[in-house]
Amino acid sequence: MDTVLNNINQSRYFNDSTANTKIEEIKKHLDSPSDADKLESMKKLIAMLSKGRDVSEAFPQVVKNVIVKNLEIKKLVYMYLVHYAESQNDSALLSINTIQKSLNDQSQVIRASALRVMSSIRVIDIIEVIILAIEKSVKDTSPFVRKAAAFAIAKVHKLDCDKQEPLIDLLEILLNDTSTMVLGAAIVAFNELCPQRFDLLHQHYRKICQLLADFDEWSQVIVLDILTKYARSQFRCPDSTMNDKNIKQFKKKSKSFYSDEEDQEDDEPENSLYKKKPLERDMFDSSEEIDMDHRLLLKSTLPLLQSRNNAVVMAVSSLYFYCAPSIEAQKVGKSLVRILRSGPEVQYITLTNISTMVTLRPSMFEPHLSEFFIHSSDPEYSIKLKLEILTRLATPENIGKILKEFKEYVKNEDKKFVAATIQAIGSCASTVPDVTESCIYGLMSLLSNQSTVVVAESVIVLKRLLQLNATNEKLEKLEKEKEKEKDVKENQSTISKHSSSNNSIKYDNIILHLSKLLDTLQVPSARASIVWVIGEYCYRVPLVAPDVFRKLVKSFSDEHESVKLETLNLGSKLYVQFTDNNSTTTTDNSIPNEFKNERTKEKITLMFQYVLNLAKFDQNYDIRDNSRMLKHFYFNTENTQSINSNIKQIVINQKPIPTETSISEDRQRFTLGSLSHIVNHTALGYTALPDFPDVAPDPSVREPIQRWIPNQQSQQQQHQQQQLNNIFVDTPFYSDEEEEDEEEYDEEEEEEEYEEQNEYEDFFGEEKKNKKKNRKQQNYDEDEYNQDIDDGEYDGEGEVQAEDEDDFDELFGITNDDNNQTANGIGGGGSGEEEMDKFDFENYINSTTKSVKKILLKPTISGGLSIDYCFIRIRDNEEFSCQPRYNIIQLNIKNQSDETFTDISIINKNLIDGADISEFDPIESIEPNQAIQKQIYVLFNSTSQSCKFEISFNKGNFPVTLTPIIGELLIPIVPIYESISQWKDEFEEVGEFKQVDDQFEFGDQCLDKLNNNNNNNNNNNNESGDENIGLMPILPIVLEGINLIPIASNKLKSKIQFASKTLLKDENIYVQIQLLKQQPPTVNCIIRSNDQVVSALLLKKLKDVLQK
């Protein structure tokens, strides 16, 4: 009851009064300190947004509320940001810093929502930042966040397909997850990212099958579709006849509709197998030889037929239809019939799929025939599909039941429904020849109906049935003659009996009845059908056909085009019958006496010539062409003998058996359940099912990787020992330490919220409030503290104090007069502020003027020409040899072959907007083993998009790619001041900076440098210079990887600060590296800049350099 009242209360936000609320009033409430006012305003905004109103005006106020603690407000803010992320890219980017910080929030809901918002911002410039966030989220402890990371991978791939390879690496991590929530989302991302990479699924196939029932229902739909394609490509066809349309499948015993035995095999008597055809026995036995993994798939998906989600039931049905043996595919029929009772949309989709299934395997739905009977409430589309299904299910055993139902349908007042039923009757008569005669006479009774629509449809169907019956008579006579030659008396009697039943149809009475309808029936298609029937069987009614032709000639000019064409054909056939006295009719060997009447022959000839002359001037070109052709056949003076000898074979020939075309048969080319199958044409993104392989691939690829499992006995012993230890340790339920941690966390959250609030107020032009922010102090355990004291790295009196982390004090190590805290970590200077000294950078900047060399063109690809390159670094005060923002790249071109290469140049540049390459002058020739250096100037205009071009020479053109390196998109700022305090004043003029930071351990390369340095210091009795203390041993590694310049450091060189600026946007960047612990060596990296994209990329680059 409370939920209902709450929903009613929430609906008030969508009424007209709320939707017309002024934006200014909402903006005022969003700036209110009350969470209740903010929540009310956000609900109004979302309601207005959902009704199509533009509320982007409130964006600045909404963004500021990202930092609030209230979870419901944050959810609404994120919903707002997702909506405007794509249409207002610049505005959405304003919140990227806060969203990044939310990725570290304690709440899993906030972390997942932040990632969802970030991945929804479709700006390619921040794609690297999004990928970094995904890399962090895939390793999150919460499955809810990892699930959001999986969906974010799919979004990033849609934004930039070039990032597929790194995204696949992240996807592999998620596929190894054991949480069904994450695994289902990962497979959905797999379907968007690389649906053909089945090699990624081999190791996880059995796990997916076993956990399939635990996935969420919408993930199950995607997973079932992928497993269907996987089974079709990895397993052999379980039934060699499953694609044969003309073979009836084995029929299972009919059970009650709501049966609990749906997932069990029916027990049949042992003597039931002898009743089956040999083909059906093979089909039944083939299921026993199915692959074990194939059997696991079928067994795991069968329970999903009872899912409440209709899409899941449809996906399982599609899987069984395409991948299961024919005998087992019949199990899905009952479930599909069950979901027919859902809404009209579901009913249409289900009936469309059933109509396609029935064309191939009618036995799947024969036990449920009555479920397809039409109800008075069925819509028109449902009626047509049900009638088609009923005709496909018609057999000699149930045709009586179906025709009895059709008899009631033709009495309906809806004439379109009756016309569709008449078509279904004709289809049943074609499928079951035994009822053709009764159907024909039943349709004859409908010719007296008052509705022209019913009469016209009856005539059209009668035409088809008469043609079909006449064709069957000819085939039976030919078969009878063959049997006579073989003297098989039993077969002769059977055929004669069947022929006599068919010959009982009185064509003359039917044609006579149809001819009378021409005087009243005005439907063109029906009139054309009657004329065709009279012309086709004119030898049966030699007196009626000429009179009908006479009436049609009189009204020829007023007839429809289709009737005119059939009139010409009728005249042609009558002329041939009356003029060819030596010929025989189609079915009789004797010529009727009426065709020998000369007077009638003369009248037919005159009427035929008259109608040919009328058709000669008709507006329709088909009628004109037909009249000229017939006139050339019958009244041509040249070569008359050669034409007359074949005229009868042309005009009066044996017609093929009429075939019915159905849209369901045309839909067979598309996969069941797909959008293309419904609309009957290839929709965007459709991929067809692969064919079964002739030889199954190696099944060993699906063997899971063996993991180390500890000894069970040792595990039990450890568990028992742990229980004994817990008995003697008296630990309170909530320890004091945990309570202190919670209090500290709450204080930190309040301080960060206040800090970010001030930041947004400054950003949007509000009054700046000069208040310092205090952060959580960094505490280290007692062992690490004692270790640091023993190593002689603390100068204090036994008390380690935390560092004041004000924006600039944290960067430069300078504190205010009222703060007595010292920097924490190696190099802390006791009580008082930590002094920073100017760094002597000249010895380092000169040694890193070039970056590490990289390969641009391999000689194995180009036939002997190798090209590697490196970035030429410049300082801020150096003059550019080209335009600003360009990188200088030095190419080392070498001929490693035995022949001379000529005309080496750069062609076919493929660059993004704003990018440019100033190529070198063409090289006329380069001798074997000769090396040449060239410089090019490149403007990348992006931190992630590559520059693509081709190297051309006499061997051909070879595509190459220059990728921007974030460490080379910087220019060091050369200090020109004498003291650090002057630098601080200079930096303060720029404004407040945004910051990204991370703590991590050193990699092997840096550890080796530090260890070697410590060993050397011990051997030299600690008398080495400054270059061997603190972070100095790894400084060359940092400068080699990133184009920075060191500005200042503390005395122990455990904290070093760098400065640089971006090449593209000319934004200052400040970097600090601080050594925190020695065991294990841990470093803290801080990067501050207004360019958040570069900051995030630079932090990742710095982390990669230090963790090598």
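We number each residue from 1, going along the chain as drawn.
Cβ coordinates come from backbone N, Cα and C, glycine included.
Annotation comment: Swiss-Prot describes 480-490 as compositional bias 'Basic and acidic residues'.
Marked as compositional bias 'Acidic residues' by Swiss-Prot: 736-764 (among others).
Among the features that Swiss-Prot reports, compositional bias 'Acidic residues' is placed at 780-797 (among others).
The region 'Disordered' annotation in Swiss-Prot covers 480-501 (among others).
Among the features that Swiss-Prot reports, region 'Disordered' is placed at 736-797 (among others).
Feature annotation from Swiss-Prot assigns region 'Disordered' to 811-835 (among others).
Within the same chain, residues 56, 59-60, 63, 66-67, 71, 74-75, 78, 81-82, 84, 133-134, 136-137, 140, 142, 144-145, 147-149, 151-152, 155-156, 159-160, 163, 745, 752, 756, 763, 942-945, 994, 996, 1092-1093, 1096 sit at least 6 positions outside the repeat 'HEAT 1' (90-127) and bring their C-beta atoms closer than 8 Å to a C-beta of that stretch. Swiss-Prot lists 90-127 with the feature repeat 'HEAT 1'.
In the repeat 'HEAT 2' (327-363), the DSSP tally of helix, strand and coil residues is 32 helix, 0 strand, 5 coil. According to Swiss-Prot, the feature repeat 'HEAT 2' maps to 327-363.
Tertiary proximity for the repeat 'HEAT 3' (397-433) is limited to same-chain residues at least six positions away from its ends with a CB under 8 Å from its CB atoms, namely 366, 369, 373-374, 380, 383-384, 387-388, 390-391, 439-440, 442-443, 446, 451, 453-454, 457-458, 461, 464-465, 468, 472, 658, 660. As annotated by Swiss-Prot, repeat 'HEAT 3' applies to 397-433.
Taken from Swiss-Prot, the feature repeat 'HEAT 4' applies to 434-471. Here the repeat 'HEAT 4' (434-471) has a mean pLDDT of 83 out of 100.
Assigned with DSSP, the residues of the repeat 'HEAT 3' (397-433) fall into helix, strand and coil as follows: 29 helix, 0 strand, 8 coil.
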